[in-house]
Structures are given as C-alpha cells and as structure tokens.
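A.B. asks: According to TrEMBL, the record shows the following:
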- B:ASP7: active site (ACT_SITE)
- B:GLU68: active site (ACT_SITE)
- B:ASP141: active site (ACT_SITE)
- B:ASP7, B:ASP141: Mg(2+) 1 binding site (BINDING)
- B:GLU68: Mg(2+) 2 binding site (BINDING)
There are 2 protein chains.
Amino acid sequence: MRVLGIDPGLTRCGVGVVDGLPGRPGKLVGYFVVRTDTGDDIAQRLLHLDRGLTDLVAEHRPDAVAVERVFAQHNVRTVMGTAQASGIALLAGARAGVPVQTYTPSEVKAAVTGSGTAGKAQVTSMVTRLLQLDAPPRPADAADALALAICHIWRGGTRAKIQAAALAAARRSPR
Amino acid sequence: MRVLGIDPGLTRCGVGVVDGLPGRPGKLVGYFVVRTDTGDDIAQRLLHLDRGLTDLVAEHRPDAVAVERVFAQHNVRTVMGTAQASGIALLAGARAGVPVQTYTPSEVKAAVTGSGTAGKAQVTSMVTRLLQLDAPPRPADAADALALAICHIWRGGTRAKIQAAALAAARRSPR
C-alpha cells in the first residue's frame, strides 16, 4: 500500500510518501515541503497549501492519507495556524476520496522508535534507517511526515481492518 | 456590496449574506447553517463543510467573505475543530477568488452594538433591528454570521481602502 503522510504546518507543511506492507521495511517514494509566505494573508496561505497538497495527492495516488493530530495545549502562539493547516490537509485527502487517518505525535514516535516520548533526532534517525536512505530527510517536517506514513502502514492497516470488521458486525446486528 | 459572513464551527457553521453600503442599513439576502454529523470522522466532516460553504459562495457570489477569527484561549475542548472549520471557511472564499477578511469577536460586537463586550442576545437583537427582520435569526450562529457581514460592510470597506492605498504607496516608493 502507498501512504501519504502529512505533518501539518502553515509555514512549512511536510509531506512524505512511502510504499510498504505491515512488518516489512517500507520504500521511499518521495518527500516534499509545501511552504507558504508569512507575509501573505491567511486565506491566500491556506489556498496555496490546499493547491500544493491537492497536487501531491493527485500525483501520488496514495491508498491512504495519514495526518498528525494537533493539540490545543502545545505552542499556543502557532497552534491556530497549525490547526487550520491540518484542516486543509484532512480536506485534501477527503476531497480526493482517499481514506484519511489521524495519529497523535506519540503514536507516530512509538511506531518508528518504540518510544512515545522519543525526540525529533531519534525519529529522523529511525526514518532514515527504516527507509534505507543515504542521508536524513531535511527539513524535520519531511522526516515527521515520512514517520506518519510508516506509522500508518504498520498500525493503520490493522486499525482499518478492525474498524471494517466492527462496521460489518454492526450492519449484521439488528438495531 | 454583498458580503458573506461565516461564523466557523464544526458542528454548526453559521453563514449570513447581506447587501449593503457603509453607513446605510443593510439588506438581508439569506442566512444558513451548515451542520456536520458528530458521528462522522473529522475528514468527512470537513469535506461536508467545504462543499456546503463552496456551494453557498458560488450561489451568492459575494464581493467579500468575512470570517470570525478563532482564538486558542477560548473553549480548549472544541477550539481545534473550530480552528479547522475556520481554515475551511477561509479556503472557500479564497478558492472562489473572493477577498477574505477576518474579524475578532470584539470587532464584530463593537460594529453592531457599539460595545466590544456585548453579549450574544444583544448582538442578535441589533442584527434583527439593523436588517429590519420580523424575528431574530436562529440559531445564534446565523445571527453571528450576519453580524460579521454587517461588520465587514461598515468597517471592511474602509480597511480595504486603507490597505489598497498602502499597497499603492509601497509600489510607488523605491525599495
């Protein structure tokens, strides 16, 4: 399966595309950063982000999109822009008709490093090793987006199967 | 000028359309609420909101879109959804090529009631009076969206002129 991970951000939004199967080393397809100009007004920045993400989804035709969940308690100054960017990211997947899943930062860290409290350097190091890259992906937003894609391949496949089974069971049982 | 105001929300997103000129009583074109199902996943909810808002913008062809600015410090539990909805609202205007302006809640309250700390009932009461409606718009999200549109007509016209003049001056002066 091909997964497109998005680490939402208004100034820099990381995108990482990985092909893989649960339990196997994934294969890097590519990573990208969509940047918006801090001097532009917010509506134009979101429009630019929407176009960039929509183009990347159309180009790579992923089987799933994985987006990092944003929390209100972190970085209060930038969190509103990040939340708005995450809305655009979720929309980009949904508009393309691709299943979209969100993951918390600790789910992503745990998936690639084994620890939910791992630092950024450790995540980057593991992404580099797991995808057998010659050099660490830069900037860190791109590494985080690749980690999200790996996380979905390893965890999301299972979760999607559980959800599908639960849905099928609910449909079979009378209400 | 015709202004489409949006009071962003994930469960209920208010939309109000007003025709008017600065200093004159505005005329109601219509008000609407785009609702999304709390049982749906976030990406589907944002997609539904995007379609609803995009349709309303296409139908009413406003000269400007006014969106309420969301702050991180209020309602921490729901603020992320509201922020994501506001991103979709800003995008809906920008994608249609319509100028988009944001206003703080106190700017909107001050514009329609004269006080930046007015309560919801007072805002609804003034919107009803200013637009000469037979009954207060319900739900309150719709009244807030209409207040945003009125606020833009009364304040935004001036602000847009100042911005255009500043831009023109900056272009004339050598860097």
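A Cβ is built for glycine as well, from the same backbone N, Cα and C atoms used for every other residue.
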A.B. asks: Across all protein chains in the structure, which of the active-site residues B:ASP7, B:GLU68, B:ASP141 has the highest Cβ count within 10 Å?
C.D. replies: B:ASP7
A.B. asks: Write down the Cα-Cα distance for B:ASP7 (active site) and B:ASP141 (active site), rounded and given in Å.
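C.D. replies: Pair distance, Cα basis, whole Å: 6 Å.
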A.B. asks: Fill in the CA-CA distance, B:GLU68 (active site) to B:ASP7 (active site), as an integer in Å.
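C.D. replies: Per the Cα atoms, B:GLU68 (active site) and B:ASP7 (active site) stand 6 Å apart.
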